[in-house]
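K.L.:
From TrEMBL, here are the annotated features:
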- Cys58: active site, nucleophile (ACT_SITE)
- Tyr189: active site, proton donor/acceptor (ACT_SITE)
- Trp91, Arg124, Val125, Thr126, Val127, Glu142, Ser143: glutathione binding site (BINDING)
- 163-290: domain 'GST C-terminal' (DOMAIN)
- Tyr247: site 'Lowers pKa of active site Cys' (SITE)
- Tyr290: site 'Lowers pKa of active site Cys' (SITE)
Amino acid sequence: MASGMMVAGKWITRENEQNQSGEFHEIPTTFRDRVSTDGSSGFKAEVGRYHLYVSLACPWAHRTLIMRELKGLNDVISVSIVDPIMSDKGWMFSQAPGAIPDLVNHAQYLQDIYLKANPNYTGRVTVPVLWDKQTQTIVNNESREIMRMFDVEFACLATHKIDLYPRHLQQQIDETIDAIYLPINAGVYRAGFATKQAAYEQAVSELFENLDRWETILSQQHYLCGEQLTVADICMFVTLYRFDCVYYGHFKCNLRRILDYPNLWNYLKDLYQIPEFKATCNLDHIKRGYYMSMTDINPNRIVPKGPIIDFDERSDRHRFGKP
Ligand SMILES: N[C@@H](CCC(=O)N[C@@H](CS)C(=O)NCC(=O)O)C(=O)O
């Protein structure tokens, strides 16, 4: 997706992440500290201390925003939203509709934040980023860990007492998040960024086999881990929400649309209609973010007008009762 990365604190145009077989591989993130309720990790959960940098286009960042909304942490953790279109220096702050400039560090580019945390930084400059205003550093830039921190470590400061990682389901939730990651969440990218036919076909086959499997599971239960909404559903939602508008066309994931799966489609609408989910959804940022930033696969940067999808249409998930 990106145009470049940092090497020893310098921005360079990045080599593609495909290997010899044309398969796409993610480079792992590097800031892996942790906020804790009691501060024993060196980063205590406190009101106003942390800032979250996100892109509304990015599904990984989207997960953390949903968690922040669902927990009622909006007054505890401040947020900046980058411009939807990636610049040739990576993510950029702007006054674009739906964007929120960096009022904490007054940076122009997200790379400035990484450099502030580590002037010799080597790696990708990705969202989400959780920034500590007190020690002036990045605590963590891995969405799954940030979600967990918001849910568990910030629970004492949260205004909504919802538990999205309940103790009795933890193992099942972790297994579910792992199970959907490679074939579904990353699977769409593996298909979209494949540079060899075989790599593309492999990714698409695995993706749809897994969507078929979850379609069956969701015909029998309300959520991925049973009758309770959990963090695993947030992980699934961010991919399903982008699917028909972006992944189907732009990433060639076109065996079926989510609209063609009765259970996945109703599950998606059901989640979207939860106000805290809806508040984080911005199809304009998503469509322009993907179609205009990824010029390798869409060189003319044309953003399609459609499809027309009514995410507000009534969902049939009430048949499982109230959550
Ligand atoms: N493992 C990371 C992945 C985050 C990620 O890949 N973010 C993308 C946007 S969707 C990004 O910022 N890419 C910029 C780049 O690779 O330079 C997470 O889950 O937090």
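Glycine too: its Cβ is placed from the backbone N, Cα and C atoms.
Annotations in TrEMBL come from automatic prediction, not curation.
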K.L.:
With the glutathione site defined by the record as Trp91, Arg124, Val125, Thr126, Val127, Glu142, Ser143, how many Å span the farthest pair of C-alpha atoms?
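P.N.:
Comparing all Cα pairs, the maximum is 17 Å.
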K.L.:
Checking the contact step here: among the recorded positions Cys58, Tyr189, Tyr247, Tyr290, which have a Cα within 10 Å of the Cα of Val125 (glutathione binding site)?
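P.N.:
Of Cys58, Tyr189, Tyr247, Tyr290, within range: none.
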K.L.:
Is any of the recorded positions Arg124, Val127, Tyr189, Tyr247 within 10 Å of Tyr290 (site 'Lowers pKa of active site Cys') (Cα-Cα), and if so, which, in sequence order?
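P.N.:
Final answer, ordered: Tyr247.
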K.L.:
Whole-number Å distance between the CA of Val127 (glutathione binding site) and the CA of Tyr247 (site 'Lowers pKa of active site Cys')?
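P.N.:
Val127 (glutathione binding site) and Tyr247 (site 'Lowers pKa of active site Cys') have their Cα atoms 19 Å apart.
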K.L.:
Measure from the Cβ of Ser143 (glutathione binding site) and count the other Cβ atoms within 10 Å, all protein chains considered.
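P.N.:
I get 27 for this one.
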K.L.:
Could you tell me how many residues in the domain 'GST C-terminal' (163-290) are helical, how many are strand and how many are coil under DSSP?
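P.N.:
In the domain 'GST C-terminal' (163-290), the DSSP-based counts are 89 helix, 2 strand, 37 coil.
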K.L.:
Taking the Cβ of Thr126 (glutathione binding site) as the centre, count every other Cβ atom within 10 Å, in any protein chain shown.
P.N.:
26
K.L.:
Based on a Cβ-to-ligand 1 distance below 6 Å, what subset of the recorded positions Tyr189, Tyr247, Tyr290 would you report?
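P.N.:
Result: none.
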K.L.:
How many whole Å apart are the CA atoms of Thr126 (glutathione binding site) and Tyr247 (site 'Lowers pKa of active site Cys')?
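P.N.:
Pair distance, Cα basis, whole Å: 20 Å.
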K.L.:
Using the structure shown, find which entry in Trp91, Tyr189, Tyr247, Tyr290 (the recorded positions) has the sparsest Cβ neighbourhood within 10 Å.
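P.N.:
Taking Trp91, Tyr189, Tyr247, Tyr290 as the recorded positions, the minimal 10 Å Cβ count falls on Tyr189.
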K.L.:
Within the domain 'GST C-terminal' (163-290), what mean pLDDT does the predicted structure show?
P.N.:
98
K.L.:
Looking at the recorded positions Cys58, Tyr189, Tyr247, whose Cα is closest in space to that of Trp91 (glutathione binding site)?
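P.N.:
If we rank Cys58, Tyr189, Tyr247 by Cα distance to Trp91 (glutathione binding site), first place goes to Cys58.
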K.L.:
Within the chain of Glu142 (glutathione binding site), which residues six or more apart in sequence place their C-beta under 8 angstroms from its C-beta?
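P.N.:
Spatial neighbours, sequence-distant, of Glu142 (glutathione binding site): Thr29, Phe31, Arg32.
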